[in-house]
Amino acid sequence: MKAVVAGASGGIGQPLSLLLKACPLVDKLALYDVVNTPGVTADLSHISSIAQIEGYLPADDGMKKALTGADIVVIPAGIPRKPGMTRDDLFKINAGIVQGLVQGCAEHCPDAYILVISNPVNSTVPIAAEVLKKAGKFNAKKLFGVTTLDVVRSETFVQSITGERDPSKTVIPVIGGHSGETIVPLFSQAKPAVKIPEDKLDALVNRVQFGGDEVVKAKDGAGSATLSMAYAGYRFAEKVMKAAKGESGIIEPTFMYLPGVPGGDEIAKATGCEYFSVPVELGKEGALKATNIVKDANDYEKKLLEKCYEGLKGNISKGIDFVANPPQK
Ligand SMILES: NC(=O)C1=CN([C@@H]2O[C@H](COP(=O)(O)OP(=O)(O)OC[C@H]3O[C@@H](n4cnc5c(N)ncnc54)[C@H](O)[C@@H]3O)[C@@H](O)[C@H]2O)C=CC1
Ligand SMILES: O=C([O-])CC(=O)C(=O)O
């Protein structure tokens, strides 16, 4: 399995590359960034794990060399937030970065699983899809917006209420998008069931929705979540790779183009959003099936979902429009 990290020298890229270098499922790891890949690559190359590592800069066809032969491409390239910014404020710069990298995937590794971390995910995933569609290489089953950090946060924050020793043992679906009120945790659907006292529910939901802001504020100008994101990004990438190798029964929420995924059409109709994060079963060819968990939401969660739909639709159209009507330079 050849894995590529695009944006490998960054705050997320470095620890994510470390985790992938240590992963026994990875035979080859290519690091791509516009800066510092020689140093990061040299450093990681001393780790005595299976993965053979190569690093590339844009010069000398670096992107092409990194992407050629890739089975999975993880993209954490782009600028992060500073206090006072929304994820949408990152659009202006990150939209073009994701567009360029996904164009590279269309040309050099059209069959790879593509995992988009760069924000705003609600718009960068539609951008990626439009780029791939234009190139005639779009496979909705293999394009994923990484929303795993919202799931990881939900597990962690619920643990502070339930006291469960291993938070990852509680499965909590988090659906919708990846910013503020578009993030909707469905605590009513947790397995095993969790009991959240009524007077704690609003604060818990708010903390999951604005968990990113909590980190941005604490970092005080030095960026946003990087280490927890690398953990979450790795967790999702590992699931995709395990499914690719034939392991069955792997389900994880991820932000996808639903009409292209089995079971997705009815969710797109119910939500009015073509892109939405729902629990998706993964298989060798990527997404096998999207689960319509929206219909199981309770009344409290249905209200959250109404707000989610509103915000998400605008973010999605903004991404589609960026590719259809490129901004004048
Ligand atoms: N999906 C999610 O849950 C999360 C997403 N993020 C997003 O991830 C992105 C990266 O965050 P950080 O790693 O903290 O930022 P960072 O600034 O530390 O790293 C970004 C890296 O991307 C590189 N880069 C820029 N343009 C590039 C290009 N055209 N090709 C290849 N590499 C390029 C930069 O040189 C830098 O090394 C941000 O957009 C952030 O908002 C962050 C946390 C969670
Ligand atoms: O908040 C941010 O800008 C980074 C992010 O997406 C997260 O931590 O969930």
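Cβ coordinates come from backbone N, Cα and C, glycine included.
In the record from TrEMBL, residues GLY7, ALA8, SER9, GLY10, GLY11, ILE12, GLY13, ASN94, ILE117, SER118, ASN119, MET229 bind NAD(+); the candidate from ASP33, ASP71, ASP213 listed for the same site is ASP33.
Binding of substrate is attributed by TrEMBL to ARG87, ASN119, ARG153, and within the candidate set ARG81, ARG165 the record adds ARG81 to that site.
Here the Cβ of ARG153 (substrate binding site) has 26 other Cβ atoms within 10 Å, regardless of which shown protein chain they belong to. Residues GLY7, ALA8, SER9, GLY10, GLY11, ILE12, GLY13, ASP33, ASN94, ILE117, SER118, ASN119, MET229 are the ones the record ties to NAD(+), and the longest Cα gap between any two of them is 18 Å. Spread of the substrate binding residues is 18 Å (greatest Cα-Cα distance among ARG81, ARG87, ASN119, ARG153). Across the range of the domain 'Lactate/malate dehydrogenase N-terminal' (1-145), the DSSP-based residue counts are 66 helix, 26 strand, 53 coil.
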